[in-house]
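According to TrEMBL:
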{"type": "BINDING", "residues": "B:Glu127, B:Asp158, B:Gln184, B:Glu232", "note": "divalent metal cation binding site"}
{"type": "DOMAIN", "residues": "B:279-388", "note": "domain 'VOC'"}
{"type": "DOMAIN", "residues": "B:411-551", "note": "domain 'VOC'"}
{"type": "BINDING", "residues": "B:His414, B:His483, B:Glu559", "note": "Mg(2+) binding site"}
There are 2 protein chains.
Amino acid sequence: MCLSGTLEEKLAAIAAAGFDGFELFEPDLVTSWLSPADVRSRAADLGLSIELYQPFRDFEQVDDDQLRANVHRLRRKLDLMAELGVSTLLMCSNVDTAVDDSDARAVDQLGIAAREAADRGISIAYEALAWGRSVSTVDHAWALVRQVDHPALGVCVDSFHILSRGTDPAVLDDIPGEKILFCQLADAPRLQLDVLNWSRHHRVFPGEGDWDLADFVARVIAIGYRGPLSLEVFNDTFRQTSPERTAMDAYRSLVATEGAAFERLGSTSGELPPDRAQRMGFIELAPDSDGRLKAALDALGFERHGAHRRKAVDLYESGNARLIVNRAEAGPRARIRALGFEVEDVAAATDRALALGCEVLPRDHADGEAILNAVSAPNGAEIYFAPRAESGFDWAAEFTLTNDGPQVFHEVDHVVMEQSWQRIDEAKLFYESILGLSVQASSDVPGPDGLVRSLALKGPGGIRVALNVRPLEAAGRPGFADHIALGTDDVLRLAERLADSGVATLPVPDNYYADLDARFRLEPERLERFRRFGILYDRDDSGEFLQLFTAPIDDVVIEIVQRDRDYLGYGAANAPIRLAAQRLLASGGVASAA
Amino acid sequence: MCLSGTLEEKLAAIAAAGFDGFELFEPDLVTSWLSPADVRSRAADLGLSIELYQPFRDFEQVDDDQLRANVHRLRRKLDLMAELGVSTLLMCSNVDTAVDDSDARAVDQLGIAAREAADRGISIAYEALAWGRSVSTVDHAWALVRQVDHPALGVCVDSFHILSRGTDPAVLDDIPGEKILFCQLADAPRLQLDVLNWSRHHRVFPGEGDWDLADFVARVIAIGYRGPLSLEVFNDTFRQTSPERTAMDAYRSLVATEGAAFERLGSTSGELPPDRAQRMGFIELAPDSDGRLKAALDALGFERHGAHRRKAVDLYESGNARLIVNRAEAGPRARIRALGFEVEDVAAATDRALALGCEVLPRDHADGEAILNAVSAPNGAEIYFAPRAESGFDWAAEFTLTNDGPQVFHEVDHVVMEQSWQRIDEAKLFYESILGLSVQASSDVPGPDGLVRSLALKGPGGIRVALNVRPLEAAGRPGFADHIALGTDDVLRLAERLADSGVATLPVPDNYYADLDARFRLEPERLERFRRFGILYDRDDSGEFLQLFTAPIDDVVIEIVQRDRDYLGYGAANAPIRLAAQRLLASGGVASAA
């Protein structure tokens, strides 16, 4: 149920992603024209084992009539499992037909189930659903299993059902590993939602939610569990998007979670190369063919810029801010093409990405040039691993550079890129697991075309990457753009420079400045200068933040920011102004009342 | 914030829908290039009054420094309101900067605000947000307002903030109507979600959620409130879809809610013509040009069928089941074109629809023919109001009919039509307010392309209409179809008849029958007959339900159902089979293991 498609399509995607096996979810079988024997041979052909059949519901704590019907149903399913060649059945705690809360009745009836299963060489993994009528906790399920004391009966542990109740996973320490017959993993965002809907619609792969699944896995391994680690993730998005992509995302999640778990256990099995991003190295832009992007960059006056000795590539450099303009990729629309992150060891970072299911992209490279490997991010941007300047790598070496002016920027403050709703969870895992970034904030920005969901990630060395998901109905609509924010100490000076150069900046409504005045009571002269240049302002208890945006150059906005060191945000309160202004320009409007 | 677009676009949509005025939401102004004077004149030109300016946040219960900043902010906003010509300001209870829970401090500071406002001829409507730090209930807000006892201070009542907390709206009876300065209405689905997210993303217009807003409005009127009824609906979908459509939907909601409120108060003001659907009259189909739909209908053997005397229209009739095939609308793909509902009085039903913002569709009609008026449903289907047979109207009169066989159907059991996600809330309100249907169930059906959201509505005389919202990613994908379910007493006989005629039925996997056997322990011969004909089965405590589907004829599936009277559902457990089979056929698959 993690994947969309038919059973055939799911199996193909699971095998292609590199998994060892799968749980067979009954509805996938019931809606399939593959016979059980077909499924068995299809799995074998793909090199996949069927680790579990599930779910068997509402068996225990029932009255005698219902028990007879349940035993009939169980026998039929055990026969089916024999045809499939599956040796573990997942039995969920009763949510519907239980007649009382009696442990004695549950123990009796689970014993019957265990003996029926044992007769056919099958084991039952009993799982407490978080919304089970009487049995809803893993310790309760384990207490019943211990009382039944039958070799064909153990428990299934599912991170969702344990963590969603706020249960301390230390509860697992009381269960002998060999009595855990199966381990299912799911992460989830922290939502205050009823647990059934939370479970059925909002599970995500480990690393994509808010829980610590590495800790969960480490505990399960520590108590001796040696069975499969399986992903059981009900998610409305995964259910409708490409099963191949989702399976790869799932594989990455499991490898990353396992790696982190082994790391916590101090074990070297399953360890991943630790190298991750240390600092933003560069942003690569594909310019428009008309030279509008280059004109805007030239107007900003970078300290140094120049051409690559061999390729049609320009470098703009100021402090640690580096923009690379790849003229060979020039097209009708300027766009962000790649992000370069400095890593300690390019080879190790590449190995980490490979272990996590990435493919290294082909790259034109000559002897004597720095080795930079790239992989593809979920939104299609290329992500480069670049050597650190401290490692002796010299940016200047491959470029013929000229001095162009005083230092205007000190760093890339942040980058904002669009991300499709289909892959935002995958993107979070990608940046976290491959680059070592972590989520700083998630917010909804109201714009004229709807809410833009924004996920801000941060890393060491001041790395800040935000991913914006546009409203569904705005697909293909103009008025959205990626942006690159360059940090400066003097936005006003640059604003004047831009004004002189004729580079268009985003229009800002006068009403915004009236509101700023009401909210922050700024000095009138300062407010007037902000208004004149279209500078946006924010303040919190830690300091001030000033922003100036160029008008979009196709799909790219250049933002100039001046940040008090302790101000940690991105001027979220101003984001609706940016969206409104982009919409205005995209619809051919001008910055005055119509 | 109910609508998408710029302030200009919103005002145009509000005026076009027929509203008298609007609340001005500060973010709409701050992101607009219209000056306050422009907004004032634009509103006047459109015949709209600006009833309120909102929100003013976090004023009261603060320390002295914050109070000074707040008074500065308040004065600026009051000046702005004077420019706009707005006389009521919404002040929300403090959620952020309150330093304590002291009522005395709140009363002092609200008094300051009231005097500042009164100096400019403005009134403040104080609203308890459900998540206010100290003031979160309407009775608390009213207690503070009463203590301040200033003519420029009253309360704002908002149905969301009251009903979301489970507060009995009878709490309103203690507030004198003249101290309610504003009334905001929002409905919402019952969700177990934290109230802030519930409020910010999931509000809907009255009648589209689960609350009784007519009761709320009746109470407010009963205690003497005579101010505007305003819709304050934060909704992720409305924020991104056509503002014109949403404004019309909002208008319908308000008229319907007002009408129902007046009805409860026994008042005739604002009363709506009461006529609503009494029974399903007919389904009109636009056939494919190749005659496949007609061939399938002919194979089913209706009791009577024949041609309209004047138009290219055929009638198929059996019992109360009537299908109309409009050959003039034949196209490349067969589809459901219209639903006809019998009403007591066609003119009154039409007037009701007109009062609720519908337009009557043009229709070809000759003297002596029955008058049937139609309006357009949110999915584009035409909805006819048809006279009742009991009124002397005779279906046969306009058709040349032949007797073709024994009675095979007794009624239209139900109709399922696709509905876009953008208009599912609008659709619920449409069918409820115009036809008098009510929601029977809402469910998610898992299919190979994702979850299909299904909303089942029912009405008198056995009317059942379900609306299916396909997964987003399945837009434009084959494998989905509307369906018409015809009720019979003998599915097996019709199954044989269809088999003989060569009309294709939906393939059903053998695995389904194995599962049926496990679940229901059916008699083997009966199960085998089900399997042979592809009949689906369900059972609950009230009875049995049998279903047989034709293969899709373009966008139409004909379903034949046999229903024990007390079985109330639609065979929801079988819906995934239908989706899987439609997907199989759409992808060119055949009903055997590949």
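FYI, residue positions are counted from 1 along the chain as it appears here.
Every residue gets a Cβ built from N, Cα and C, even glycine.
Quick caveat, the model's predicted, so the values are computed rather than measured.
Taking the binding-site residues B:Glu127, B:Asp158, B:Glu232, B:Glu559 in turn, the residue surrounded by the fewest other Cβ atoms inside 10 Å of its Cβ turns out to be B:Glu559. The residues near the divalent metal cation site, meaning same-chain residues not in B:Glu127, B:Asp158, B:Gln184, B:Glu232 whose C-beta sits within 8 angstroms of the mean position of the site's C-beta atoms, are B:Leu90, B:Cys156, B:Val157, B:Ser159, B:Phe160, B:His161, B:Phe182, B:Cys183, B:Leu185, B:Ala186, B:Ser230, in sequence order. For B:Asp158 (divalent metal cation binding site), the nearest neighbour among the listed binding-site residues (B:His414, B:His483, B:Glu559), judged by C-alpha distance, is B:His414.
In the structure as shown, the Cβ atom of B:His483 (Mg(2+) binding site) sits within 10 Å of 21 other Cβ atoms.
The Cβ of B:Gln184 (divalent metal cation binding site) has B:Glu23, B:Glu127, B:Cys156, B:Val157, B:Asp158, B:Ser159, B:Phe160, B:Ser230, B:Leu231, B:Glu232 as same-chain neighbours under 8 Å, each 6 or more residues away in sequence.
A coil conformation is recorded for B:Glu232 (divalent metal cation binding site) in the three-state DSSP classification, outside any helix or strand. There are 23 other Cβ atoms within 10 Å of the Cβ belonging to B:His414 (Mg(2+) binding site). In sequence order, B:Asp413, B:Val415, B:Val416, B:Ile484, B:Ala485, B:Leu486, B:Phe549, B:Val557, B:Ile558, B:Val561, B:Tyr570 are the residues of the same chain, not among B:His414, B:His483, B:Glu559, whose CB sits within 8 A of the CB centroid for the Mg(2+) site.
In sequence order there is nothing to list, since none of the binding-site residues B:Glu127, B:Asp158, B:Gln184, B:Glu232, B:His414, B:His483 has a CB under 8 Å from a CB of chain A. Under DSSP, the residues of the domain 'VOC' (B:279-388) split into helix, strand and coil as follows: 22 helix, 46 strand, 42 coil.
Remark: secondary structure over the domain 'VOC' (B:411-551) totals 53 helix, 53 strand, 35 coil, with classes taken from DSSP. Annotation note: B:Asp158 (divalent metal cation binding site) sits in a strand segment as assigned by DSSP.
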